[in-house]
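Note sheet for the following structure.
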Amino acid sequence: MERAEAYGFSGAMSGAFLLSCLLFAAVSRRQRGPYMDEVFHVPQAQAYCHGRFLQWDPMITTLPGLYLLSVGVVKPAAWLLGWTGSVVCSVGMLRFINLLFSAGNFYLLYLLLFKIHQKNKAVSGFQRILSALTLAMFPTLYFFTFLYYTDPGSVFFTLFSYLMCLYGNHKTSALLGFCGFMFRQTNIVWTVFCAGNVVAEKLNEAWKIELQKKKDEKISSRKGSFSDLTRTLRFLVEYLISPKNLVTLSALTWPYIVLVTLFFVFVFINGGIVVGDRSSHEACLHFPQLFYFLSFTVFFSFPHLLTPTKIRKFLLSLRKHPVQYSLIAVISLFLIWKFTYVHKYLLADNRHYTFYVWRKVFQRHELVKYLLVPFYIFAGWSFADTLKSKSIFWLLMYFVCLLAVTVPQKLLEFRYFILPFLIYRLNIPFLSLYRQLLELAFYILVNAVTFYLFLNRTFKWENSDEVQRFMW
């Protein structure tokens, strides 16, 4: 990092942290007590603060990583600073943990952008800083910086694990992946993703040798053809059934294999992936979740995905391959018809934005969910088009992980899309400075509206005197 870039990054991070502190103070003044899921998380952390480690709220569905880390930070701080009484492990003190995670996420996002795009000499330090700042303010994640939720910590350890993987520190990566798993069980998918990065790199090296043998000029020239896809899949199968290759890959990825094995042992002993209340977190094949994720991504990455150039390229592709797109449309319609699920929380809780998205869009008419298929197809094409610089094996690995982390979820919840979105966004090419600034301005606007609604547009339910607030 050059000196000017270091100063610029320090200034951006300091400014973002100062802004977050001001917002933190505003949220803490308006909402002093636990809100939403905090009514479960805060008492559980406070029980751990008082040494009651065998106490467990059966309504909590995640492992105790957040509470253990909170106690590990707050207790030594209280001892060093001489804090006593209710301030130790208070709601505000516990929420502050996520403010620290948010600063850590900013730094990790910058380091990941630097590592992933280090070969692109056209990217300036200012663009890296701007992109890191934008992603650090990603609205769905940024909002939960100010509440005692698992999301900021979950993202922190997952991004840290990914960074260590990219630098080849796989034992450290797996250890951090375990920490991420302790925050949210589904993060095991991103441990598989890290292992998949290693496998994809080896596959790509072998594939280049294979192509050179056949005197092909470059890998990317073979993408898009069905015959080339079958040839690639045939190579993939042949490579993975070779005992020598399996031994090599196992030697490289054994820390991840150990962690995934521990995960399956946990699932066997626990009787499922969810701890605590399982009645509202049943796994199912909810394939339209992929379509919701693509729509979510287009909304938050419109400067990348929703451009006139991309629309023209998509229409041209549509004209050249009508049979393939017709088949995709038929499959999409079938998946929506047979695999759409509506969680009871989605219909009942009017505090979440998803409640209004579902009511205003999908519940307008029974046919709406089918009429959106052309948009889903464009979103999927545009999404894949921005990742065309990645190898076919990386794409295959990422999409498998994307399906694994979204499809089993019955509840439409934007928080479940945070990590797959960030991984995607980190790996796409940099835009022009104008479009980067447009993306940042859009995030700031969405955050401003979100915090305004949360802080000022309160309401009450008929059967409750508690103040309710709008949120993600």
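Cβ coordinates come from backbone N, Cα and C, glycine included.
Heads up, TrEMBL stuff is auto-annotated, nobody curated it.
The annotation transmembrane segment is assigned in TrEMBL to 6-27 (among others).
According to TrEMBL, the transmembrane segment annotation covers 60-81 (among others).
Marked as transmembrane segment by TrEMBL: 93-114 (among others).
Residues or ranges marked as transmembrane segment by TrEMBL: 126-149 (among others).
According to TrEMBL, the feature transmembrane segment maps to 254-275 (among others). Residues 60-63, 170-171, 173-175, 177-178, 181, 185-186, 188, 191-192, 194-195, 198, 281, 283 of the same chain lie 6+ residues outside the transmembrane segment (254-275) yet bring a C-beta within less than 8 angstroms of a C-beta in it.
What TrEMBL lists as transmembrane segment is 287-305 (among others).
Taking Cβ pairs closer than 8 Å, the transmembrane segment (325-346) reaches residues 280, 284-288, 291, 317-318, 354-355, 358, 369-370, 373-374, 376-377, 410-412 in its own chain, all 6 or more past its ends. Taken from TrEMBL, the feature transmembrane segment covers 325-346 (among others).
Sequence annotations record features per position, and here TrEMBL assigns transmembrane segment to 367-384 (among others).
For 390-407 (among others), the entry in TrEMBL reads transmembrane segment.
Per TrEMBL, transmembrane segment is recorded for 440-459 (among others).
Residues of the same chain lying 6 or more positions beyond the ends of the transmembrane segment (390-407) and with a Cβ under 8 Å from any Cβ of it are 186, 189-190, 192-193, 196-197, 199-200, 203-204, 207, 219, 223, 232, 236, 285-287, 289-290, 292-293, 384, 416-417, 419-420, 423-424, 427. Here the transmembrane segment (93-114) lies next to the transmembrane segment (6-27) in space: the count of CB pairs under 8 Å, restricted to residues six or more apart, reaches at least 3.
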